[in-house]
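Taken from TrEMBL, the feature region 'Disordered' applies to 1-22, 39-134, 939-978. Per TrEMBL, compositional bias 'Low complexity' is recorded for 61-75, 85-95. According to TrEMBL, the feature domain 'Lon N-terminal' maps to 139-332. Taken from TrEMBL, the feature ATP binding site applies to GLY523, PRO524, PRO525, GLY526, VAL527, GLY528, LYS529, THR530. Here TrEMBL flags 759-942 as domain 'Lon proteolytic'. Marked as active site by TrEMBL: SER847, LYS890. The compositional bias 'Basic and acidic residues' annotation in TrEMBL covers 947-959, 966-978.
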Amino acid sequence: MEKITNHQKAEPQEDVIQKERVEATNEFQQEILPVVVESELADAAQPADETHSATDVDPVSTPSSEDTSSPDTESAPQEPQDEPASSFAVSSSTSDESDSDASGTAPVTVTEDAKESSESSDTQPRAEDEEPLNIPEVLPILPLKDTVIYPFSVQPFSVGQERYIRLIDDVMRGNRLVVLVAQKSPDIDHAGPDDIYRVGTVSRVGRMFRMPDGTVQIAVQGLERVTIDEFTQEKPYLMARVTSKPDTQENDTETEAIKRNVISYFQRLVALVQNVPEGVAAATLNLEEPRQVVYVIATFVQMEMELRQKLLEIDSVHEKLNRLSDFLTHELEILELGKKIQNSAQEEMGKVQREYLLREQLKAIQRELGEESEEQATVNELRRKLEDAKMPDEAYKEANRELSRLEKLPTVSPEYSIIRTYVELLVSLPWNKGTATQIDVPHAREVLDQDHYDLQKIKERILEYLAVRRLKEDRLSEEKERARAEVEIEGGVEVENIIPTQPLINQEAGRPINREPILCFVGPPGVGKTSLGQSIARALGRKFARMSLGGIRDEAEIRGHRRTYIGAMPGRIIQTLRRLEANDPVIMLDEVDKVGADWRGDPSSALLEVLDPEQNYNFRDNYLDLPFDLSKVMFIATANSLEPIPAPLRDRMEILELSGYTEEQKLHIALNYLLPKQRESNGLKENELTIDDDAIRRVARDYTREAGVRNLERQIGSLSRKVARQISEGLQAPIHIAVDQVPEYLGRQRFFDEVAERIDRPGIATGLAWTAVGGEIMFIEVATMPGKEERLILTGQLGDVMKESAMAALSYVRSNATALGLPKNVFEGQNIHIHVPAGGIPKDGPSAGVTMTTVLVSLATGRKVRSDVAMTGEITLRGKVMPIGGIKEKTLAAYRSGIRTVILPEKNKADLLEDIPVELRDQMSFVYVSDIREVLDAALEPEDEQEHDHKGSSDGDGRSRKHKGSKNEKSEKAVAKA
């Protein structure tokens, strides 16, 4: 407890000491320094040729009795006429830095000495009545940090180190003269002879005041420049032998001109800065001597330490003026440029403020006159649209809240345009505005038939949807009429709006009752997927929009950006609805299988909510940040392949496959759709161009060979352009193009039937494959080579499934060699190489199993595979043929290549009957198989034909009989090399 009490008593004592220190500092600055300044100003009023005593320079005025009684603060006896009197002084503030040697602060007083200004030099002799300043040979040295003292200046200092306090005490007991020299580095606390410059200023200590914390405040007056010749003492403080170094003052016209320029520059500088004491600029106008001008102005301008010292060390006043003039010119350029920039900024700000005030005044005047301002008119227009939008309650409240914010914001606010854009979006969205008309199913069928040929499955699905929607509307209308008949009449007026026009939302589940289907058309390019969406919209009487999703990688393209980002926009779904001004359009999401994903998100995941009938009634766009009902929108997606589409997204859509067209279908489409369109596009009349049916067939077969009709349309367009040119050049219409004239218009044939040429030896067969652009034929080749280790080599960029099919085929052949009429050791000691040409194209799938088995047996038996046969199907280790997909595309590919016999799995017979048109089935023959032996019987040529074609025959063990120099031996070598 005793310690605590003592501590508590000590705190007030510290406060008292601090208070005394502050009071003493204020007294020194406010009482002592002004006395010196007043004395200097009084002397400045006297004639310059009068002499003054030292007591006039340093009038003693102690602030208190304690200071007077202290021997440290008593003035030492003054020797009259020791130094010249001063004639000019200006006061400023002081600072207290007790931790430094003798740290200088901002200049306080500048002294103009009439007698010193008239001292003689090499170019200006001293007046005879002037008495020179007597400078002792040895004087104490007081180092200064970050400051240089010039002659004619009075400046306060705070001295804190013990040795320098002792120096001041000794000086005050003597002649009060001390040499003030700047340190080379302000970081040195105990400066030695090597740490200070050799040129300083001999100064007189005018007053000393001892502070409560032990430091000493002094005021010094600069008298003359001196040079340090030799240090005589380093402890307890520095003393040195010094030599007076008067300035060389030139009295010529050029020096006078530079002096006047320097004074002018300083006047301009004072007008631009605020830290120069009052009266300084006016006082410089009264300075006559160039030397005085240099030191007075240099005292009050801010310059670097090196330049200050350099200005002191230069002997010539003319050179000093030049240096000072260059410095002031540079500073003026910087300050005037900064002032110009500041004025420009203030002018711009003033302009904005003026516009704001004028706008406010205009608003006040308009309110008095009962008129609307432009901003208020905008808000009122938005409010009117808000009332007409018939939006849900949540959206209505949000729009009202944002409108209230908009009214309070000035138009210059950055948020004004953001809020206005957002509200404009809210009121322009079709919250409850549709375009659907009365559904007419027969009319819809006519529209679909007019725009597209065949596509019966797609048309049936659309008509089913329309029929269901029509029945729902009819039933709803009947219920509405029945309910209206039961409404009571109140006051002779029928009660209205009791029965809603359409029950959109199931109140129990919170989901829409009438949900639109999400259809996905999958098929090769050119079969009419995109144009079919336009026909559906026309049949439904709705607006249509197409959104291409190919290459989209940013999720914000679907959901929009958040409003916190600059330049944020709603997603493409909301933008499309705003543009169409309807909440029930048909929107086609084109190329949904080509949507990408990267670090910005996965757009396909955002489509999950859009395409899910269970969720899209409450779709929330990031920019809109409000639920929007998409359940009335009919979304139709298109894709070339289902594989790239994520499974969750694929599960939300109803898949409708569009296969390629047969040759007869292409003929019908060309005659009824493509040719009339191209004639119109190229300015031809109906009777000016006609094309034979066989000519169109030849174009489709020899110049396009595709699943769709896109390239066929291009070729017909080429024919139309060439005919238009002929007519323009004078050829008489009509022009008829026959089948033999096609090369004249389109050039050489592009595609050839090469199956017969390639299937000319054992070990090669034709398979069928499905691709995203339709069906294709593929050749499978096999060769054997002797090897120490039996090895199966697979080439042609085969996928894992296809490699496994090759292994299964080889295992079946080896395990059933006897049943197939092959030796038990078939392929023993041989490497088997299976290759699928077009090695640059990746291939995969199980449907090549039967083809690989066939080529292995063909090579082992030496029997060729029929060139007019193509096959497809998956094989098991027991030899069973399993069903596969893509029957129509594969069949069409075989037909386009000139193959008329196709081997198919038995279980795919129903698919063939359903998908393949009757006219195509009549032109081809199909072999349905369930076992691999049936495939071999149908695909391999009979042994009789084999013996007739080759001079060598098989001996039953799977190896050809070798006769020296026979053709059979040469054929076997050729196959092995292949």
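Using N, Cα and C of the backbone, Cβ positions are placed for all residues, glycine too.
These figures come from a predicted structure and were not determined experimentally.
Structure coloured by features recorded in TrEMBL.
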residue	record	DSSP class
GLY523	ATP binding site	coil
GLY528	ATP binding site	coil
SER847	active site	coil
LYS890	active site	helix
Cβ density check for VAL527 (ATP binding site), other Cβ within 10 Å (all protein chains) comes to 26
Distance, LYS890 (active site) to GLY528 (ATP binding site) (CA atoms, angstrom): 19
Which of the binding-site residues GLY523, PRO525, GLY526, VAL527, THR530 has its Cα nearest to the Cα of LYS890 (active site)? GLY523
Least Cβ-crowded entry, counting other Cβ within 10 Å, from the recorded positions listed as THR530, SER847: THR530
ATP site, defined by GLY523, PRO524, PRO525, GLY526, VAL527, GLY528, LYS529, THR530: further same-chain residues with Cβ within 8 Å of the Cβ centre: PHE521, THR638, ASN640, LEU658, ALA707, GLY708, ARG710
Find, for the listed binding-site residues PRO525, GLY526, the residue with the lowest Cβ contact count at a 10 Å cut-off, counting only other Cβ atoms. PRO525
Enter the number of other CB atoms within 10 angstroms of the CB of PRO524 (ATP binding site). 24
Inter-residue Cα distance where the pair is SER847 (active site) and LYS529 (ATP binding site), in Å: 27
